[in-house]
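To start, the structure itself, in structure tokens.
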């Protein structure tokens, strides 16, 4: 098995967005906002037509309906709810009518990115009517006036964020059009070198993915040959499969980030005189490659989508007064947003379980003098290797249902490794109280209980 034709097409389109950014910098930077909105709209539509043909009408309909909601229904809770329901139902209907048992690249792929963007737009418009927005992230994204139709289309189809993201707000887009996102006021940003760095890094991951992913195809999990392999082989294969499989996402996001940096959308101000270009970063590559913790992987992967979910779902559930419930609702939203397959439910439920157990073990290590001393000893390099192996093995275990989608497939793979992930984390969760009793002094146990 090789790299899919669909992925090659998307990769070509991602690389093809760089000429749009160059045209904007060289010829259109000083043009009026109307011209820029038209350029961003038409360039994004061209990408959509290139990849999905006449199915581009799905995105156009949703953008138009979203604008009409903002214009006709006003700054109300009803507008927010109507937007949420319409955009999510349209997306889920698309999943339902186009879904197969494979991961297909079709119009629903960029549409799920657009869905978040349009739901976020309605929330930002609603926030703009509040006297005070308590959360700084919401305040910076709040819209004080209803955007124009051309503005909404330019924002929705902007070539830097169409297809695979990243997520950004209309306020950020307006700053781009107003020529405010630059390190040289009034002139195009000096962002070519930072953009090329991200492009080169993305291209490197593309090469690695193209070289190694054919040796770790999804289909091999479902063969009798895989099930006949020794247990250790199945686990190592699954681990390496996950590592290389994720590189296709890393590739797409790094290349997309480079486009955003080149255009200026990636400009994130200056800290101590050093200009930053990470406003649209969707990957922290070094953290992704070196962290031995599950939370570290989450913090380094698909950053903008996670931040969108944190701002627009998790933090808006604060009225519940329960972080665990807010976390569950956020993961439930992300599960439904990804699609209708059972694999997404298993993947995100495993994420909740893993993060919960990991937090308990981190607290255990911090509270136990014995474990703290061990973690800081000369044995740490060996412990790091073991921790990395455990980390990626169970990342892979969770990723299997995400990629195989249907229960008959992921269940077969989980059975072949004896439900290792579920058993391991259930045992770990049940063992924490006993480990605390054995390894943590009574004083620290009492303090932990108070906290």
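In case you wondered, yes, glycine gets a Cβ from its N, Cα and C as well.
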Correct range for transmembrane segment (source TrEMBL, candidates 152-170, 171-189, 285-303, 304-322): 152-170
Stretch-level contact, the transmembrane segment (246-267) and the transmembrane segment (199-216), CB cutoff 8 A, at least 3 pairs: yes
For the transmembrane segment (382-405), sequence-distant contacts whose Cβ falls under 8 Å of one of its Cβ atoms, 6 or more beyond its ends: 101-103, 218, 221, 235, 238-239, 241-243, 245-246, 291-294, 297, 338-339, 341-347, 350-351, 354, 374-375, 413-414, 417, 420-421, 424-425
